[in-house]
Amino acid sequence: MGFERGGRGGARGGGRGGFGGDRGGRGGARGGSRGGFGGGRGGGAPRGRGGPRGGGRGGATRGRGGARGGAKGGAAGKKVIVEPHRHKGVFVARGGKEDLLATVNLVPGESVYGEKRISVENASKEEGGASTKTEYRIWNPFRSKLAAGILGGLETIYMKPGSKVLYLGAASGTSVSHVADIVGPTGSVYAVEFSHRSGRDLINMATRRTNVIPIVEDARKPMAYRMLLPMVDVIFADVAQPDQARIVGINAKLFLKQGGGLLISIKASCIDSTAPPEQVFASEVQKLREDKFFPKEQLTLEPYERDHAMVSCVYQQKEFVDN
């Protein structure tokens, strides 16, 4: 998908775990930038020092909104078709150079982090009726672990319209805003962030997305916010702490429904920078098993994040015995 981060020339290849490409000279094609699949800042066209920038800021004719990390991209003048993804509440925008993930904008006309927005006209089902428009927000996998996991092939994300989600490690709310789009006005996102600086941005975002409940607290102390949360359908965890498995476990005991889902992003270097990432991932999965989580799948977040894994689990706090 089209979120490459290229540069000034030379085929840099998969800078962060990408797929090939030599370094090249100053005027080369600058390949898979930060681990994308080809095309740098200006798309696939070779640039040279004085050459055209290509799709850098708006597609082939350099319109105003190009794909610098997927923020304001798209091919100028091309019709975009938006189709449902297999995960409910997630969509795929087709028609540009590459397919892009998207969510329905819960607050039409506003972006959260400078992401591109696409408006699609919906024909009226009644003859002679007025058509309506739906606005979508492009979801950048370089800015969201959940988007990276979906592109990596997650079988299930456990959340859909109407779901209640506990999001641990909400930061300034970039990913949270897309989760809020997915669950929609009938769902809720309880977003926990310890940093007061990021918490301010999170609160500002939540003033417009009223299904987001910002909680500026330490996720290690869930009793501090127990009165704010009901039982939730899924926990998404991106806390990047050495004891993150324990943090998830104590929150699950208080808030996660029996049979609920867990998606946890594991950053190997935050847990043990001396051990191989695969060994760290295996150790964390074992800790999750001890807390009654049953792993369903594990996948890497390359090329969007280096030495990260996403683990999907089902929570079974009670032991079931077959008669």
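For all residues, glycine too, the Cβ spot is worked out from N, Cα and C.
Same-chain residues at least 6 positions away in sequence with a Cβ under 8 Å from that of A240 (S-adenosyl-L-methionine binding site) are, in sequence order, G169, S265, K267, C270. Annotation source Swiss-Prot lists S-adenosyl-L-methionine binding site at T174, S175, E193, F194, D218, A219, D238, V239, A240, Q241, citing similarity to another entry.
Among the features that Swiss-Prot reports, compositional bias 'Gly residues' is placed at 8-76.
The asymmetric dimethylarginine annotation in Swiss-Prot covers R5 (among others), and the record cites similarity to another entry as its basis.
Marked as asymmetric dimethylarginine by Swiss-Prot: R8 (among others).
The annotation asymmetric dimethylarginine is assigned in Swiss-Prot to R12 (among others).
Here Swiss-Prot flags R26 (among others) as asymmetric dimethylarginine, drawing on similarity to another entry.
Positions annotated as asymmetric dimethylarginine by Swiss-Prot, on the basis of similarity to another entry: R30 (among others).
Annotated asymmetric dimethylarginine per Swiss-Prot: R34 (among others), in sequence order, evidence recorded as similarity to another entry.
Residues or ranges marked as asymmetric dimethylarginine in Swiss-Prot: R41 (among others).
Annotation comment: Swiss-Prot describes R47 (among others) as asymmetric dimethylarginine.
The feature asymmetric dimethylarginine is assigned by Swiss-Prot to R49 (among others), with similarity to another entry given as support.
Here Swiss-Prot flags R57 (among others) as asymmetric dimethylarginine.
Per Swiss-Prot, the feature asymmetric dimethylarginine maps to R64 (among others); the stated evidence is similarity to another entry.
Sequence annotations record features per position, and here Swiss-Prot assigns asymmetric dimethylarginine to R68 (among others).
If you look up Swiss-Prot, you'll see 1-80 marked as region 'Disordered'.
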Farthest-apart CA atoms of T174, S175, E193, F194, D218, A219, D238, V239, A240, Q241, residues recorded for S-adenosyl-L-methionine, distance in Å: 19
Neighbour-count leader, CB within 10 A, binding-site residues: E193, D218, D238: E193
Same chain, 6+ residues apart, C-beta under 8 Å of the C-beta of T174 (S-adenosyl-L-methionine binding site), given in sequence order: V112, Y113, R143, S144
A240 (S-adenosyl-L-methionine binding site) in three-state DSSP notation: coil
